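Trainee: Below is the structure I would like to discuss, written out as C-alpha cells.
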C-alpha cells in the first residue's frame, strides 16, 4: 500500500469537498479510509501504528462532516413540502389553499431530475400551481390579510399580490425571503450611503480594487504595506552624510512643498548603493517614518508571477496603490534582480515586460505637478549590492545615487551601544576599544558579534549540564554581565563579510555614476 497514493486520494477528497462536489469527495474519503485500514494490518511498530490510527480518526471526522453536508443538501432536494409544518399561528386559508393545490400537483408526469428554469428546485410543479391559482382567484387575496405570517407558504400561488404582501410584511419563509431581498437591496444602498461617510471619517482609507483581482490587492496590502515602520534616524548608527542626503531628497519636499517647485522639484527616485549589511533597508524605513508616509517594501518575489501578464499587472497595481495611499515611499530592495540590464542573452521576454512596466510607472511618479497637491507625492527608493548590473534607463530615473559605506569608528561605537542597551555589561568594558578592533565590519557583522558575545555567559553556565539541570537554573544566573573577553572571543568567531576588492568596485562605480 503506497503512502503517496493515500496522500493523493486525501488531497483529491478535500479538493472536491471545497469545490462543492460532495458525492465524489465521499467516494475518495471512503477509499482512503479503506486503504488506511489495510495499511494498519501491515504496521507492527506501536508508535507508527498509533500515528496512522490518529490520521484515520481525523479523516473519519472529515468524512462524517462531508456526509452530513450531503445529507442536508439531499434534504433540500427531496423534501419540497418541508415548510408545511409551520408554527400553529399560521392562518387557516393557507392550509386550504395547499390542499387544493396538492391534487393538481400530481397531474403532470415530470422527470424529477430535470429542473424547470428559472424557478428554484422547490417549485418544480410550477404549472399546476399556476392553474390552481387561476381557478380560485379569491384565495390569493385572503392570505394577504395575515401578511405577517403568510409568505412562508408561497407555493400556493406566486402571483404579484403575494410578492407585494411579502415585501410589505417582511415575513419569513422562501417567498418572504425574496420579498425581503428586494427590501435588502433597497436598504443596502442606504446602508452603503450611511457607511461611506463613516469610512471617510475613519483613520484608514481602503483601496478600491476595481479592475484588479481582489486577492492580488489583499496580498500586496498584507505583505508589502507598512503604515508605521517606527524606525527613526536615532535608531541608525553613523551614516551622517547618507541621512542628510536622504532627508534633503525625500523628507524636505514634504515639509516645504512651496520651495520644491519648478527646477527644485523632488527627485524621481533615490538609489542606495553599498555592501550588504550596511543599513540600506533601515534607512528606507527611517525615511518613511520621518516623513509619515506609507511604506511599500517590495522584493522581486512580490512582483513576479507564473501567469502570463500577471507580473506587469502587479507592478501597475503597486504604483496605483502607492498613489492612493500617498504620500508613499516605495522601497525596492535588491532592485538588480528585477531591473538588470536589458538585451542580455539570459533575459526572458516576461522579465523584459516587467522592466518596461516598471520604467513606465516610475516616469509617472515624478512628483506632484502644478495642479496636484504635494501630499500626492510617491517617492521611489531602491537598494542594491550590484549597481553595475542595473539597467541604464532605470539608473537615469533614479536621479540620486548615494553610497552607503561601512560604519566608521564612531558609527561602530554607536551601533555597539544600540545593540547592547538591554544587555548587562561588566564595569571594565570599553566599547571604543572594541569598536577599533572592528575595522572593516559591516553593521550586520557588528550585530552578530554583539549577539554572540551576549550569550557567552549563558554558555559557560550551562556547560556540562544535562537538560533537566538547565531547566532549573535561575534566570539571574544566566543573565550575567558580558566581559571584554567575551567580545574578543566573539570577534575570533565572527569574521568580516565584505572584502577589500568589493569596496574598490563600489568606489569605482560611484566615481563614474554617483550622484550625491
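Placement of Cβ uses the backbone N, Cα and C atoms for every residue, glycine included.
So Swiss-Prot says this about it:
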type     : residues                               : note
REGION   : 75-212                                 : region 'Disordered'
COMPBIAS : 133-143                                : compositional bias 'Basic and acidic residues'
COMPBIAS : 155-167                                : compositional bias 'Basic and acidic residues'
COMPBIAS : 168-178                                : compositional bias 'Gly residues'
COMPBIAS : 179-212                                : compositional bias 'Basic and acidic residues'
BINDING  : 274, 275, 276, 277, 278, 279, 280, 281 : ATP binding site
Trainee: Relative to the Cβ position of residue 279 (ATP binding site), how many further Cβ atoms are located within 10 Å?
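Mentor: That number is 25.
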Trainee: Name the residue among the binding-site residues 278, 281 whose Cβ has the smallest number of other Cβ atoms within 10 Å.
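Mentor: Counting other Cβ atoms within 10 Å of each of the binding-site residues 278, 281, the minimum falls on 281.
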Trainee: Could you check the binding-site residues 274, 275, 276, 277 and say which one's CB has the fewest neighbouring CB atoms inside 10 Å?
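Mentor: Relative to the other binding-site residues in 274, 275, 276, 277, 276 has the fewest Cβ atoms within 10 Å.
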Trainee: Other residues near the ATP site, CB within 8 A of the CB centroid of 274, 275, 276, 277, 278, 279, 280, 281?
Mentor: 383, 385, 404, 442, 443, 444
